[in-house]
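Undergrad: Quick one: the structure is below, and I'll ask about it shortly.
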């Protein structure tokens, strides 16, 4: 059996030191000696990763070897189960360390000793071998724990690198600077070391986790009953380890009091962070991350009742989102017998106390022996595990008899009014005896400090112990001694760098005011002082990260300290701003602070209301936001606080814009600007002007917008606010695009991108790139546009901005339509629509549907187009976006023209025109008039058409829209051809061509050349016609407009027939037909087939002519084109008559 191991060990790298090997060789016998020699040879090899495979194979052979070992077989099975766990880890991750591998050699040696042939020798050495087997067990257990910890830490580092911190993109205010959230990871707590009598419960939980996936398991029971121990034992069970590998996570919810704080704790657990950006909520970031995990995941939320009790609805909503993740299994522990609603919980009965035998084993494991008084104490506490543990701990220094006497003297205090004892009272008495233990009493100040520790829900951070020690000064010099004693008495423990207290013990201390001594109050004030300094120093990124790590503690300290002191109210305001920027929208502390400030400081009370309003605005509670901000403004007016009034008005302006109350927004922002000027607050002025710039763009007051944004930019430069500069330039870039100043737009957006990179604002970068992508589309630089938009999409994904992703995908969808990649366009727009729905952005949804409507028109899916555009219209009405409504109606008008529903088209376009007038969008008016001109041409109302197109042209000139002018002139050229005013037509089309060249619109140029080609054919200038059409074809190819190419080829086909170049005509028309099929333009196909039918008649290919014309007729009938149908019938009759005459002649 050892030969395979010998062969495998020859490939193992140096796992043991030279001294150890020498002793092993000298003491080993038989085959084990050869194994040691093989290891010695292996020691000469270089230390590198190839030994991993060899170790894995050694582990397999050891597992087989155990079958041949008869002595101490049950003990060996325990060792082997842990060895198999090590093998699983190594096989999966290919990573091991020398220290953890060394224990395997001892296993081989000891197993061989146990495989002795002489039973006498085995009996003689049994005690020694028992000890050696136990040593192997401890060594393997240690190796397994170390490997798990290292691998989990490695996994966290990988996640941290992939999930970069989310950076913010928002306007700075004079109150706080922008924050960056930290990442953190928590190593899985170990399984309980002392754990008896719970096999049945653990097996049930494991069975649910492994076999009922994805399960939702609630471990419920009274405090101290052992819920956490059962959860940890289940998580560490070999079946669960095998099933989930390293994707097992555990979070204590003891320090969380709301859904928001629970989300933050989970983000910290997974190494994620979120900033103040409103584009993606922290809970969305969390759920997206969980959905992105490639493998099965187990998440355990311990003490869930803490946040659930205080924020029931929101916590339940969060849990429903979490369990909706397909591959996630959820385990919770809770004192509440009820379970959170909205989830299908697996069947698991509430946890009961231990059996007496298991309780005695627990006692013995701690105090090493028991007697009759121990049994009496165990029975008195009804075998509650925590109570048994606490009493056994006391029994290490006091006798069980003395403890029993203490119990009897105190227990009468815990009798209920009805004379019965409660199980919880038994636990309380156990805790009381622990708190009153002589060991704790002998340590000066330990009980007083313990009271402070119980006030900190997260526990005391070990990194601050020196800081607290210095703060306590001469009042309490025995901090470290107190920590040691509390740990020895099992009243405190360390976890994830915090000195913690179990929840039942914390609840007991909080409910017994007599434990809050004068020294406790003194020490707590000093702890509070330390945390106040942390809040005040929040300009330091390092200290901000500390705030994030200790939000639960700081919140609790502020809650307890909120009294008459103004300083505490001010720190509460600062802390609430930090929390908001970290995605926590809890206004409880602010409400309490406002009540305190009301008694003494009206301005400070107003600040509390203002920050409540901003927090409500961020969380989407707009009515609450308005009420709070208006209260703040009223208070600040009474207090005559100009600076705070300006800030209130600035926040109200932003809120009114969101509520689409644009007139109120302008008044508020203008007032804010005036007040900021009075107090000479240039940063405040800059932020007011930036918001006004955005408002003026909404109002289409583009000149005013430019002035405001340029002024904001100048001020942000003066105060050296680079993030503010970047955001101003981004808005200016958007404005210049609206003004068709595309060169200026590119400069502004590129500058914004450079600045956003300098300040490491990836979200800002993403928006810059998205805008540049849109600009490049305008410039017909479609390759650059795709690169920019794809980069924007990637950045939005990195920072978990689903709204940004959606907007980038929406723009990519439009780009793909330009590139004629219609399948890609549909995928992008559908993805954008899904994301906009997820983030509840109805305006985004509306525009996605509008673009999908355009796409479906291109694909000739006109029914789908109408549904999409009607849905877009409904959404724009819901969000009161009249400009969006106008655009939807415009596109519905175009659709109805396609469907030959010309009356509906006129109604839709007229409604669009009315709405554009209401919102003062002259560009919209001009475009509607252009569409109405085209409609009137279809209706043969040529006088109305000319009026509409001339009005459109005048408006486009007024707003300096050269592109609009060019398109109007192009339509007027077509109209003049209809009116046979061919000179006017040529002038109009030539002017259109010149303008399209000026604005670098190659598609427009191509269409102008196409129309000029048709005009020259009318004028019998066939050489000019060919040049124009060839130019159109070349340009349409450059911009990848297959539909344009198809029409050019069709016109060339007709020209070649005129020139009697029938072979060229057939090639051109066949190419046109192929292209029209590719873009699914059935009207174009029908026209090409009709032209081919006419050509085939000229070529005397009457059978081909009949087929082509019949196909054309079928298509015209399908799309309900009566005029086309009539023309096709006419040509088909002509072809059939020719065929009939030929047949008659031949007969």
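Using the three backbone atoms N, Cα and C, a Cβ is placed for every residue, glycine included.
Pulled from TrEMBL, these are the listed features:
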- 1-17: signal peptide (SIGNAL)
- 199-337: domain 'NB-ARC' (DOMAIN)
- 622-1122: coiled coil (COILED)
- 646-679: repeat 'TPR' (REPEAT)
- 686-719: repeat 'TPR' (REPEAT)
- 726-759: repeat 'TPR' (REPEAT)
- 766-799: repeat 'TPR' (REPEAT)
- 806-839: repeat 'TPR' (REPEAT)
- 846-879: repeat 'TPR' (REPEAT)
- 886-919: repeat 'TPR' (REPEAT)
- 926-959: repeat 'TPR' (REPEAT)
- 966-999: repeat 'TPR' (REPEAT)
- 1006-1039: repeat 'TPR' (REPEAT)
- 1046-1079: repeat 'TPR' (REPEAT)
- 1086-1119: repeat 'TPR' (REPEAT)
Undergrad: Mind checking which residues of the chain, 6+ beyond the ends of the repeat 'TPR' (806-839), have their Cβ under 8 Å from one of its Cβ atoms?
TA: 279-280, 284, 766, 770, 773-774, 777, 782, 785-786, 789-790, 792-793, 796, 845, 847-849, 851-852, 854-855, 858-859, 1039-1043, 1079
Undergrad: Cβ under 8 Å, sequence separation of at least 6 from the ends of the repeat 'TPR' (766-799): give me the contacting residues as numbers and ranges.
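TA: Counting only partners 6 or more residues beyond its ends, the repeat 'TPR' (766-799) has Cβ contacts under 8 Å with 164, 166-167, 169, 277, 280, 726, 730, 733-734, 737, 742, 745-746, 749-750, 752-753, 756, 805, 807-809, 811-812, 814-815, 818-819, 1000-1003, 1039-1040.
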Undergrad: Using DSSP, how many residues in the repeat 'TPR' (646-679) fall into helix, strand and coil?
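TA: Per DSSP, the residues of the repeat 'TPR' (646-679) fall into 30 helix, 0 strand, 4 coil.
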Undergrad: Could you count the residues of the domain 'NB-ARC' (199-337) that DSSP puts in helix, in strand and in coil?
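TA: Secondary-structure breakdown of the domain 'NB-ARC' (199-337): 69 helix, 24 strand, 46 coil.
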Undergrad: Over the repeat 'TPR' (1006-1039), what is the model's average pLDDT?
TA: 94
Undergrad: Going by DSSP, how much of the repeat 'TPR' (1046-1079) is helix, how much is strand and how much is coil, in residues?
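TA: Going through the repeat 'TPR' (1046-1079) residue by residue, I get 30 helix, 0 strand, 4 coil.
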